[in-house]
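*Asks:* Got a structure for you, questions after.
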Amino acid sequence: MEAIEELSELSESMRQAAAVLADEDVDQTSSSSSKRSSTFLNVVTLGNVGAGKSAILNSLIGHPILPTGENGATRAPISINLARDSTLSTKSIILQIDNKSQQVSASALRHSLQDRLSKGRDEIYLKVHTSTAPSLKLIDLPGLEQRIMDSSMLSEHAEHNDAILLVIVPAAQAPEISSSRALRIAKEYDQEGTRTVGIISKVDQAVSNSKALAAVQALLLNQGPPKTSDIPWVALIGQSVSIASSQPGSDSSDNSLETAWRAESESLKSILTGAPRNKLGRVALVDALAGQICNRIKLRLPNLLSGLQGKSEIIQDELARLGEEMIGSTEGTRAVALELCREFEDKFLQHIMGGEGNGWKIVACFEGSFPNRIKQLPLDKHFEINNVKRVVLESDGYQPYLISPEKGLRSLIKGVLELAKEPSRLCVDEVHRVLMDIVSATANATPGLGRYAPFKREVVQIASAALDSFKKESMKMVIALVDMERAFVPPQHFIRLVQRRAFISKSGETSPQTGEQESEGIFRKIKNKLSKQEKEATKDVQEGSGLKTAGPGGEITAGFLLKKSGKTNEWGRRWFVLNEKTGKLGYTKKQEERHFRGVITLEECNIEEVADDEDDSSKSSKDKKGKGPSLVFKIISRVPYKTVLKAYSAVILKAESLADKTEWLEKLSNVVESKGGQVKVESSPPIKQSLSDSSLDTMARKPIDPVEELRWMSQEVRGYVEAVLNSLAANIPKAIVLCQVEKAKEDMLIQLYSSVR
């Protein structure tokens, strides 16, 4: 028993040394070690049902605390962490539960285990203090035939490289030891036999079986089958503890256990006359366990000593580099701490800026998961016509709308944009998790922090607290961005609905009786007007235009156009340059200037032809009537709320001749249409937003399909919502970078340095 106690101290020292090599906190590792930590003191039983596994462990413990029986009393794994306390009497058992100690009797503990085994199959953990047991960790597994004993449970307990495997075989089954499943499993996990101990149990029950006794003696003499010769074997009866505890007056005698163990040894000597005396009884079992534990320690010790020597050399070199006298003073400690913070900062910035480790995951959040979540929002469900009707009706209440369902459509827009909050929150959480992983990886990758485990924990704690505060700020920012878009809904969509109604009422598009006749008349008038304009345009085009072209393929066109000022409403002559390759139109005040005063991106624009009477309202009707084809056209944005040039949503231009206008429109149309834009040859006169009473009367007289009107309006609103979502998909990552990533690069590191005092 003293040998195992010495090995226990050596095992604990080796565990602490391994923790030092792994740059772990020794105290923290000891306090938070797992319930099945891989140590040299683990003992795992392997055997069939009724082999006497629990009885053998009771003999090791010195108390019959484990349930025994022929039909498989152990129905779930029982793990007992034994601690030897020489100050206790041989009959005392101290059970430790949650740092609280309680003295119990063996029978009470056994009955408690039987009750727990009958109710469930979960593993049971105990920590017991006694004076009779060696400091081992005993794991009593169910019989190998039981259903609960699958491969995962076996590997979970027996796969540890340093756990001792107890192969328990009844004496009656000794002649068939080669076919023992317990022995076969032990060989799978321990091919060299350096951590396996064989036990022949229930020898007293095979007294009349001479063949079995001969097989037992052959095993004890290492003369058994080849697969058993490299394993130390011990013979036991296994019931000595139960016998000692049942003797009258045993409670008052401290020597009853030693007497029972001595009696067991003498009984085995009389039964196995030819067997070695040092392989019989409980004392022989303890010595065999100590021998195998010593073998495992000898295997591990050289590698451990080599690692410690290398670690010592690294520490000595570091001390020589820093200077031994610095560590002894407060200033020296502060200097070392600041140096470690600088190392941590360099590693952290490498992750963020250079993409090392998990740094690329931040970009993946912005370019992958977040845009995908925005695209997967159920817009079709919300803009389905029946849902639009429901939202409009619920918003209007008992008094339906008369002109435009503005209240309902605003409610629909706010409801759909509300969906963007969840992807935004998830993006913030993902970036926060990535930053936390980067902090942990950086701390582990900083060599100096590994030598100062408490300081390493402090660094990680400060960085984590800073990142948590940044996450809260970022969450508020992205929610505010979404709420801003929800709060402001531009009125253009509702104005367009009123204009469309007025146009439908005048043209009669929705009237089934007169629609075709009126539309035929309109188209005939338009056709006649266009044919007349084409003749005049052909005449002017033949005269030739004054535009200039340049570039290898003539992709650059330049010439003068009149630009209408948005402030003074006056025309100004400007030199315009069109680059068809880049799709941009720039202008200068004079032809000689080299820097553009403004640039229009045609990729986002539409082009409309404007009548001269729209542009010049001061002329008399007689002057307007005799005027030729219009030379005016305008460039507008496809998205109503976006600008085309500076702060203006439309740019009105006027050519100096019809030929110039024709060539400009041809060049501009090619660019705009290639980018998906629209070109309207001639726009209809604008309809004033404020309708007169006569126009409202006309609207009332003309029948309008409300469902078709609502469908058209929902499509208009959907286009606006999609544009807003695209804007959020671009702006929310910028806010997250500003609130989390940039602050992690600056504010978090500042807090880290300021904590060093």
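Cβ coordinates are placed from backbone N, Cα and C, and glycine is handled just like the others.
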*Asks:* Between the candidate ranges 513-532, 533-552, 573-592, 673-692, where does TrEMBL place the region 'Disordered' annotation?
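*Replies:* TrEMBL lists region 'Disordered' for residues 533-552.
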*Asks:* Let's see if you can do this one: DSSP helix, strand and coil counts over the domain 'PH' (554-673), in that order.
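*Replies:* Tallying H, G and I as helix, E and B as strand, the rest coil: 28 helix, 46 strand, 46 coil.
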*Asks:* Count the residues of the domain 'GED' (710-757) that DSSP assigns to helix (H, G, I), to strand (E, B) and to coil, and report the three numbers in that order.
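*Replies:* Reading the DSSP string over the domain 'GED' (710-757) gives 44 helix, 0 strand, 4 coil.
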